[in-house]
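For reference, Swiss-Prot has these:
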type	residues	note
DOMAIN	19-72	domain 'ClpX-type ZB'
BINDING	Cys31, Cys34, Cys53, Cys56	Zn(2+) binding site
BINDING	Pro137, Thr138, Gly139, Ser140, Gly141, Lys142, Thr143, Leu144	ATP binding site
Amino acid sequence: MPSSCVASLPDWIDRMTDTRNGEDSGKLLYCSFCGKSQHEVRKLIAGPSVFICDECVDLCNDIIREEVQEAQAESSAHKLPSPKEISGILDQYVIGQERAKKVLAVAVYNHYKRLNQRDKKGDEVELGKSNILLIGPTGSGKTLLAETLARLLNVPFTIADATTLTEAGYVGEDVENIIQKLLQKCDYDVEKAQMGIVYIDEIDKISRKSDNPSITRDVSGEGVQQALLKLIEGTVASVPPQGGRKHPQQEFLQVDTRNILFICGGAFSGLEKVIQNRSTKGGIGFGAEVRSKEEGKKVGESLREVEPDDLVKFGLIPEFVGRLPVLATLDELDEAALMQILTEPKNALTKQYAKLFEMESVDLEFRSDALKAVARKALERKTGARGLRSILEGVLLDTMYEIPSKKDVSKVVIDESVIEGTSQPLMIYENSEPQAKAAPDA
């Protein structure tokens with residue numbers, strides 16, 4: 001409690017005594033903590049023979065909030081989940097990708113274990129940081145894995161798009177803007193930001209345009225890789241406060257990126273061909289090993305054999321590949337996996353739409369043939385899990401438009417014909433038999 005509050009208590013006691021003893025109801029009331037009168041504050045809250053003003057309530061809230069946050073930070077540091085626990089929680093949100101989950105769980109566990117041990121004295125071995133590179137097709141779950149990890153560990157998290165980044169001095173975003181976004185996520189708390197996670201998406205789009213040096217600068221390709229090197233490895237980045245523009249007279253926030261975990265992700269379309277060319281390349285002469293081209297091999301299977309040299313041939317510079325020592329590849333999602341994604345995760349799309357309909361007191365049912373049809377459409381569009389929502393939005397648009405105006409609908413049923421667009425959703429009305437709209441004439 002502030003000294004001013006303590007010093008004012010005797011005065012307040014005298015005032016309260018005067019008020020009680022002197023039968024004058026017109027006397028002022030005073031805050032029991034700071035001694036301010038009811039006219040000096042916005043609100044005076046009365047208790048059994050005591051009063052507290054709104055300013056003291058705010059002060060108490062701030063003190064309690066700080067103590068709770070410190071206690072939570074300490075407990076989270078001591079309660080770092082094991083790799084198996086991390087993988088188990090990822091299973092609740094991400095279907096399949098078991099190998100990628102295992103790699104991520106171990107890498108993240110070791111990273112934060114390293115942070116928890118860094119302040120201990122007597123440790124002669126300094127542990128290095130292991131940033132992560134996720135390689136997988138569009139819609140396979142790269143971003144979702146990173147988001148779920150950050151939510152699980154309760155650390156600041158931001159997503160950056162590599163395609164918008166350019167070298168400093170050119171039109172576009174500087175790499176320091178990534179750290180600025182991370183600071184915004186934690187209300188510019190530098191200490192919190194320095195233990196956060198940054199996910200850089202579309203990292204394959206900043207590959208070198210060609211192996212041959214050119215007269216023109218590659219400001220959005222190799223130039224960005226060079227700019228990201230120090231940031232990812234660990235440097236002190238100067239960031240303008242509160243998102244302002246940089247100018248010479250400005251004071252900058254200094255953010256140390258050594259303990260920020262960087263996860264880079266990309267589809268790397270065409271990388272499988274680089275891998276296959278390497279694995280099928282044979283020698284010359286009688287002692288050469290004879291290898292046949294592996295026809296019909298899935299992209300995910302090829303990507304599992306990726307090596308750093310393949311990434312360099314794809315267009316990443318060797319120094320950049322070296323800063324991302326942990327490689328995790330994700331498989332293409334098949335029809336069965338897409339059907340699981342629609343129904344099994346905690347935040348599955350069918351559960352989300354069912355919740356929206358429940359708010360209108362209507363049950364929503366997806367039949368199994370409808371789920372298969374949605375999965376088939378997503379496979380045809382080659383958008384992976386990302387395309388599932390757009391398909392369902394298109395199917396349910398008219399129904400969601402009509403339902404709020406109809407008070408007698410109790411249930412909506414979606415089957416395969418609705419997904420294929422040959423019929424409308426089946427609406428079941430209260431106290432009536434199900435009525436389906438007639439199918440169109442053949």
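Note: Cβ is positioned from N, Cα and C throughout, glycine not excepted.
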Mapped DSSP class for Cys34 (Zn(2+) binding site), helix or strand or coil:
coil
In whole Å, note down how far the CA of Cys53 (Zn(2+) binding site) lies from the CA of Ser140 (ATP binding site).
55
From binding-site residues Cys31, Cys34, Cys53, Cys56, the one whose Cα lies nearest Thr138 (ATP binding site):
Cys56
Inter-residue C-alpha distance, Pro137 (ATP binding site) and Cys56 (Zn(2+) binding site) (nearest angstrom):
55
Which same-chain residues, if any, lie at least 6 apart from Gly141 (ATP binding site) yet have Cβ under 8 Å of it:
Val94, Ile95, Gly96, Gln97, Ala100, Leu330, Leu333, Ala385
Other C-beta atoms that fall within 10 angstroms of the C-beta of Gly139 (ATP binding site):
23
Distance from Cys34 (Zn(2+) binding site) back to Thr143 (ATP binding site), taken between C-alpha atoms, in Å:
51
Find the shortest Cα-Cα separation between Gly139 (ATP binding site) and the binding-site residues Cys31, Cys34, Cys53, Cys56, and name the residue that gives it.
Cys56
